[in-house]
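Contents: one structure, followed by commentary.
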Amino acid sequence: MASSWRLILFLSFTSCLSEYSEALSGLSTSYAALLRIKKSSTSSAFGSKSRPRYSSPSLGTLSVSPPSWRGAAQQYHSPVNLYHSPDAFRQDESVDYGPVFVQEPDDIIFPTDSDEKKVALNCEVRGNPSPTYRWLRNGTEIDLESDYRYSMIDGTFIINNPSESRDSGLYQCLATNTFGSILSREATLQFAYLGNFSGRTRSAVSVREGQGVVLMCSPPPHSPEIIYSWVFNEFPSFVAEDSRRFISQETGNLYISKVQTSDVGSYICLVKNAVTNARVLSPPTPLTLRNDGVMGEYEPKIEVHFPTTVTAAKGTTVKMECFALGNPVPTITWMKVNGYIPSKSRLRKSQAVLEIPNLQLDDAGIYECTAENSRGKNSFRGQLQIYTYPHWVQKLNDTQLDSGSPLQWECKATGKPRPTYRWLKNGAPLLPQSRVDTANGVLAIHSVNQSDAGMYQCLAENKYGAIYASAELKILASPPSFELNQVKKSIIVTKDREVLIECKPQGSPKPAISWRKGDKAVRGNKRIAILPDGSLRILNASKADEGKYICQGVNIFGSAEIIASVSVKEPTRIELTPKRTELTVGESIVLNCKAMHDSSLDVTFYWTLKGQPIDFEKEGGHFESIRAQASSADLMIRNILLMHAGRYGCRVQTTADSVSDEAELLVRGPPGPPGVVIVEEITESTATLSWSPATDNHSPISSYNLQARSPFSLGWQTVKTVPEVITGDMESAMAVDLNPWVEYEFRVVATNPIGTGDPSIPSRMIRTNEAVPKTAPSNVSGGSGRRHELVIAWEPVSEEFQNGEGFGYIVAFRPNGTRGWKEKMVTSSDASKFIYRDESVPPLTPFEVKVGVYNNKGDGPFSQIVVICSAEGEPTAAPTDVTATSVSVSEIFVVWKHVKESLGRPQGFEIGYWKDTEPEDSAETVRTRGNESFVMLTGLEGDTLYHLTVRAYNGAGYGPPSREVSATTKRHPPSEPPGNLRWEQQGSQVSLGWEPVRPLANESEVMGYKVFYRQEGHSKGQVIETQKPQAVVPLPEAGVYIIEVRAYSEGGDGTASSQIRVPSYAGGKITSAQSTLHSLSKWSSVTLLLALMLPSSSW
């Protein structure tokens, strides 16, 4: 219910705002030459007040947030500048601060007919301690006890049963805590109502046809704005506005520029309150035509126009009305004198209303409307002036000052007209005094004291609005204290160094500083100085400077002291050896750091590499710090890498000083990678490359090695170069023996006496130029195929060796013993076979064959000549002695003999078979390969007559079929399973018995039975055959056995019986008829029960 209520509230609220916005956007200028300025939906400012709240009769008071310019008046200042955001206050309740507005009261329009009968003016303030609230109406504080209708919850002021006569006015919230008070903006409470029209009958208006007329609305008392419309004759027939009819949204009057006979009737003025939506109707005004003729033509007479001076706020929308009576009906036009009407402007109601949204300063100027017809024209001019609400440029910040210090606060705001400034202290006007000046937004207090502490507000206002900025002033007054700035009680330095003893006591006013050594005052000289912040500095310290130093801070509220003891020690010296060392990658070294120091001081050693501390745990065991003696330390570097080269630092730290020394370590290693590799020139088999030298890593580069990679290589391969050996001082070379028309990328590797470095970044991918192919096809062979065909096959040339585009093959062949070659072109680079067909070529004719290559650059070499025979002929002899034997219900075994041939050697045999009830051309076929002369046909139908033929085949085709033979498949095995299966288990065997299976008429006779048994959990079982309906099954191992029985016949195995589960048990006897288990003393009854009850898996 709660969520539904909130939804209804939200929809009603948005509906109210939408209707209110529509009502306002429809208002315009008046018959009385007045201007109406209404809010734009995107406007950030609305009059001189914040946007009002509206009270719904059913939902109570509704509040609309104030516009953005109003938000500038609400300042969030952190006390003594300790916080950067207002939210920080909520997180630290220990900080005390003055009041800060969270929400200020909004303007409210309260409908007099509201069912709520309650008005709430909201005010919320933060502060620590929590603020208290008071309210003012029209500048006078409200006594909550003076009227039973008043109440306050937190800071919200509530008026029950509000009355326009007693409660309308300007309200302000005053919030106070121990730091002072702040005053909110003025919020207006006004009441919305709509009275009734006078009930007096209105006189008829009689005009001549063609004459203009004005029908007066004379609205009843109302607040605030109302919206006008007119009803013609009866509701809801409304007067439609056009170039001839116009309704002024200022006076509500209806203007008809030229009356027609269709206008005769009764007119009623309908007014609607923009807030309450209440509507009332006026008495009807009859409009009649006189019978003394038609009105002649006359020039326009402007009846509605805007004022001579129009003022409007920046960002709002202005609407200017202009309408004229005349015959013919006048046309209205608009212009801006000495300028152009803004492009964003819109003309409404047949150009009678000029609407300019989102007003800007450059929209100001003189506007003119002109009414014109064939009899003449009339114009009217007025000036549009744009004003702006105050807007902050510079606000106030919370401030704390020492007593006696000067204060200067400045607030700046823009606006048109230019804003004036007023100052408030604790909610009351601040007037100039002997120490206080206020002028042009500047507040100056020449010497602050505790009475000046409090909450201050700067008020910037012009005739259209006001904004507030608030800040807190704290006056500090306290004796000197060192609690927040503690000083080291013992200071140790070395000779000839600087001593700095800080002395920064907190206090207000700022304490005066003095120093003593023992009981003698410290006087400044060339070595000793008291700095502006109170600290004592001693240069070139010596033993004579040792002792206790006392700093004293004094102000009018008291004094405080600190004592620091100074000790002067001998300076520390350090030596790091060896100073410069050259090593090779993989070697080790020890750096020794020795310190000479004051014996009363402890020393600590720190090691650095290239200015950064060495992390001994993250360096992979390369570094180890060894402390053999109190005054020395060693750095062990093992298995040195190139990255370990650089300047090593040893720093010795005592409580008095810190000294350091450095040593340089050079590491020789393999070269770094050469720079960018550039391909400068390309031919069909070479590429000229250049590169920038590699880093030699302190060992001269002896040679470079060129490597290449292509789509056909296994990774990077070293290539031959010119010169053959690329010395370390060279930066270019030529890669040779490359394959034409292949994409390559190159890299360079440098070598020095220590080793080979990392390769360079690969060059860009390049392709060598095209060339005539040089590689002939390999493995030329052939044979087989169909009769009269010569089949030639070869291994295709890899793309790597095709050497260019347009690659193909030239197939040349000639009968063995002849001289002329016949050549055929094969254009596919992937081709591996060519078939030449000639009906005159006898089977197995030998041919000499060679295969060559070509591309766009020319012809390449041929392969070696090989001899290939043409295809053999089809088999000519039919298989003999074909027999077909039925094996089972679905199988027939076929056997034949074949005759050897010289020109038609079979590759295999094809057996065709079909049912007796089907034609031969529907035959299915099975093929064999090679010299096999038998086949088992499977998947046949039982008890069915099949016809069969056999024929040989090879690549040339099929031979003649054998004579037709026939065979009938066996009848189906019995479909009835063995029934009434009985068993008796004794020891390690089980005796079975069952009822004999009797086959149906279309089933084969039972030849015997098969008993299938297996141990549970095993997939493989055993079979026992028997001709009788009984059997003995051995159970060799302990466990549970699964047993089933099938009848078998010449048609195969029949349907299986239901499975039984039999336990193998050495003691006792179990039968399938037993229903109790009491005799099984050694058998687990639970196990046996499970064995008998659980279902078994099928075979």
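Backbone N, Cα and C define each Cβ position, glycine as well.
Record features (Swiss-Prot):
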- 1-18: signal peptide (SIGNAL)
- 99-190: domain 'Ig-like C2-type 1' (DOMAIN)
- Cys123-Cys173: disulfide bond (DISULFID)
- Asn138: N-linked glycosylation site (CARBOHYD)
- 196-282: domain 'Ig-like C2-type 2' (DOMAIN)
- Asn196: N-linked glycosylation site (CARBOHYD)
- Cys217-Cys269: disulfide bond (DISULFID)
- 300-385: domain 'Ig-like C2-type 3' (DOMAIN)
- Cys322-Cys369: disulfide bond (DISULFID)
- 390-474: domain 'Ig-like C2-type 4' (DOMAIN)
- Asn397: N-linked glycosylation site (CARBOHYD)
- Cys411-Cys458: disulfide bond (DISULFID)
- Asn449: N-linked glycosylation site (CARBOHYD)
- 480-569: domain 'Ig-like C2-type 5' (DOMAIN)
- Cys503-Cys551: disulfide bond (DISULFID)
- Asn540: N-linked glycosylation site (CARBOHYD)
- 571-660: domain 'Ig-like C2-type 6' (DOMAIN)
- Cys593-Cys650: disulfide bond (DISULFID)
- 673-771: domain 'Fibronectin type-III 1' (DOMAIN)
- 776-873: domain 'Fibronectin type-III 2' (DOMAIN)
- Asn779: N-linked glycosylation site (CARBOHYD)
- Asn816: N-linked glycosylation site (CARBOHYD)
- 878-972: domain 'Fibronectin type-III 3' (DOMAIN)
- Asn931: N-linked glycosylation site (CARBOHYD)
- 958-983: region 'Disordered' (REGION)
- 977-1067: domain 'Fibronectin type-III 4' (DOMAIN)
- Asn1002: N-linked glycosylation site (CARBOHYD)
- Ser1072: GPI-anchor amidated serine (LIPID)
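Swiss-Prot feature annotations superimposed on the structure.
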{"residue": "Cys123", "record": "disulfide bond", "DSSP class": "coil"}
{"residue": "Asn138", "record": "N-linked glycosylation site", "DSSP class": "coil"}
{"residue": "Cys173", "record": "disulfide bond", "DSSP class": "strand"}
{"residue": "Asn196", "record": "N-linked glycosylation site", "DSSP class": "coil"}
{"residue": "Cys217", "record": "disulfide bond", "DSSP class": "coil"}
{"residue": "Cys369", "record": "disulfide bond", "DSSP class": "strand"}
{"residue": "Cys411", "record": "disulfide bond", "DSSP class": "coil"}
{"residue": "Cys458", "record": "disulfide bond", "DSSP class": "strand"}
{"residue": "Cys551", "record": "disulfide bond", "DSSP class": "strand"}
{"residue": "Asn779", "record": "N-linked glycosylation site", "DSSP class": "strand"}
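For Asn138 (N-linked glycosylation site), the count of additional Cβ atoms within 10 Å of its Cβ stands at 11 [all protein chains shown]. The separation of Cys503 (disulfide bond) from Asn540 (N-linked glycosylation site), Cα to Cα, is 20 Å. The DSSP breakdown of the region 'Disordered' (958-983) into helical (H, G, I), extended (E, B) and coil residues amounts to 0 helix, 11 strand, 15 coil. Remote same-chain partners of the region 'Disordered' (958-983), defined as residues 6 or more beyond its termini with a Cβ less than 8 Å from a stretch Cβ, comprise 874-880, 882-892, 894, 896, 904, 906, 910, 912, 916, 940-952, 990-1000, 1002-1004, 1006, 1009, 1029, 1043, 1045-1058, 1060, 1062, 1071-1073. Checked against Cys593 (disulfide bond) by C-alpha proximity, the recorded positions Cys123, Cys369, Asn397, Cys503, Asn816 yield Cys503 as the nearest.
Annotation for Cys269 (disulfide bond): same-chain Cβ neighbours under 8 Å, separated by at least 6 residues, are Phe197, Leu215, Cys217, Ser218, Pro219, Tyr228, Trp230, Gly252, Leu254, Leu281, Ser282, Thr285. The domain 'Ig-like C2-type 1' (99-190) is in contact with the domain 'Ig-like C2-type 4' (390-474), judged by 3+ CB-CB distances under 8 Å for residue pairs 6 or more apart in sequence.
Counting only same-chain residues six or more apart in sequence, the Cβ atoms lying under 8 angstroms from the Cβ of Asn1002 (N-linked glycosylation site) belong to Asp943, Arg971, His972.
In the predicted model, the domain 'Ig-like C2-type 5' (480-569) has a mean pLDDT of 90. Counting only same-chain residues six or more apart in sequence, the Cβ atoms lying under 8 angstroms from the Cβ of Asn779 (N-linked glycosylation site) belong to Trp794, Glu795. Here the CA atom of Cys411 (disulfide bond) lies 10 Å from the CA atom of Asn397 (N-linked glycosylation site). Note on proximity: of the recorded positions Asn196, Cys369, Asn449, Asn816, the one nearest Cys173 (disulfide bond) is Asn449, by Cα distance.
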